[in-house]
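Peer 1: Would you mind keeping the following structure in view while I ask a few things?
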Amino acid sequence: MKIIILGAGQVGGTLAENLVGENNDITVVDTNGERLRSLQDKFDLRVVQGHGSHPRVLREAGADDADMLVAVTSSDETNMVACQVAYSLFNTPNRIARIRSPDYVRDADKLFHSEAVPIDHLIAPEQLVIDNIYRLIEYPGALQVVNFAEGKVSLAVVKAYYGGPLIGNALSTMREHMPHIDTRVAAIFRHDRPIRPQGSTIVEAGDEVFFIAASQHIRAVMSELQRLEKPYKRIMLVGGGNIGAGLARRLEKDYSVKLIERDQQRAAELAEKLQNTIVFFGDASDQELLAEEHIDQVDLFIAVTNDDEANIMSAMLAKRMGAKKVMVLIQRRAYVDLVQGSVIDIAISPQQATISALLSHVRKADIVGVSSLRRGVAEAIEAVAHGDESTSRVVGRVIDEIKLPPGTIIGAVVRGNDVMIANDNLRIEQGDHVIMFLTDKKFITDVERLFQPSPFFL
């Protein structure tokens, strides 16, 4: 596939890195020559320096015969104009744009279609982050929760702790503990190394366990791996930007929410707009303020300012002063590995959420959902099976007959409204949504090929 990526920042660069090794012809456009040179030194791709919305630049990038344009520059307006130019002048078939401003996203249905601004797929990073954090609040103790098949199935990542009945026991004993609940452990990472789970695999404390189950059973399965944490009640947010304000709006109906904002004018605006959130003007690194607001009674402290260092330091202080759990928003990928699992319980990467959303639109075959896991090393995907036994490598076959790439596990199959946790004898049918986990994303091309029906396949 011939893909033009506009923007060589963290998201554009990471997307190029993901796609360049999958037999795609990638061209990256940016105004920053240094960034482009750095990418070209690392990967086999073309670069063009210039403004991504200019027709001359797009023509030089190969827009005349490009299959897809992905606009992820730092400017919403540039991304929108680029999609318009690609549509009007070059008839580019697929156009994807990252749009950050809530003012645009709020009216997305009216703004972004072929008769207005021709964007086929809109990526709204702030909304993705809010959704991600909200899922983690719904499942206290989970490191990551990803929904598939319109929320019917979830993949959860949980650290195994002493106190969970499964610790020190084989995976096969889970069926004895929960005879009426189906789940499949897709992978276990032990000391950062993947283990292919089998019934005889002993779960150890400290294991990072990836499992798939019907969404209503996630909490029950988590209770096998750790003592279930009580649902959160009191939440403190730091940062009143788009993410903080959106999160407060989403949470304030069901939780006791306090929000700290260091800009006085913004704090006053939020105090008027938010219905049940208590808004404070102040600095989250102010010990007196945290003490006055009873930080020791807070169930979850979430720092979502645009300053990584401020988020990390305020969360560390909150934890030291008694907050039960702390979560931080981290822009720099290198910081995520450094902080998560130390004093910081969970680090959220907006870039990773954006990449996952982008990949679901640029994958081949009928891939309707992608989630990048373990800092981009692993992937969970939702693919739709098409064809019949003569044209498909999966339709009409039981799972045991399907030649899956190394490190790939089918976790669940959704057929209509029915969720079926995978077993070797489950037969895949036309239209099934198949949820898979890959411990190594380098095999994603093989998975895509597996789900691409071919008139020549017999």
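Just so you know, glycine gets a Cβ as well, placed from its N, Cα and C.
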Peer 1: Given that Swiss-Prot annotates GLY7, ALA8, GLY9, GLN10, VAL11, ASP30, THR73, SER74 as NAD(+) 1-binding, name the residue from ARG56, ARG95, ARG98, ARG106 that shares the site.
Peer 2: ARG98
Peer 1: Compute the C-alpha separation of LYS258 (NAD(+) 2 binding site) from GLY9 (NAD(+) 1 binding site), stating it in Å without decimals.
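Peer 2: Here the two Cα atoms lie 33 Å apart.
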Peer 1: Looking at the binding-site residues THR73, ASN242, which sits with the largest number of other Cβ atoms within 10 Å of its Cβ?
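Peer 2: Max Cβ neighbours within 10 Å, all protein chains included: THR73.
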Peer 1: Given a separation of at least six residues and a C-beta threshold under 8 Å, show me what packs close to ARG250 (NAD(+) 2 binding site) in the same chain.
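Peer 2: Within the chain, ARG250 (NAD(+) 2 binding site) has Cβ neighbours under 8 Å at ILE130, TYR134.
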Peer 1: Look at the binding-site residues VAL11, VAL238 and tell me which residue has the greatest number of other C-beta atoms within 10 angstroms of its C-beta.
Peer 2: VAL238
Peer 1: Rounded to a whole number, what is the top Cα to Cα distance in Å among the residues the record ties to NAD(+) 1, namely GLY7, ALA8, GLY9, GLN10, VAL11, ASP30, THR73, SER74, ARG98?
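Peer 2: Between the outermost Cα atoms of GLY7, ALA8, GLY9, GLN10, VAL11, ASP30, THR73, SER74, ARG98, the distance is 15 Å.
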Peer 1: Of all the binding-site residues given, namely VAL238, ASN242, GLY246, ASP254, ARG262, which is spatially nearest to GLY7 (NAD(+) 1 binding site) at the Cα level?
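Peer 2: Looking at Cα distances from GLY7 (NAD(+) 1 binding site), the smallest one goes to ASN242.
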Peer 1: For the domain 'RCK C-terminal 1' (143-227), give the DSSP counts of helix residues, strand residues and coil residues.
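Peer 2: Its residues divide into 18 helix, 35 strand, 32 coil.
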Peer 1: Between GLY7, GLY246, which of the binding-site residues has its C-beta surrounded by the fewest other C-beta atoms within 10 Å?
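Peer 2: Taking GLY7, GLY246 as the binding-site residues, the minimal 10 Å Cβ count falls on GLY246.
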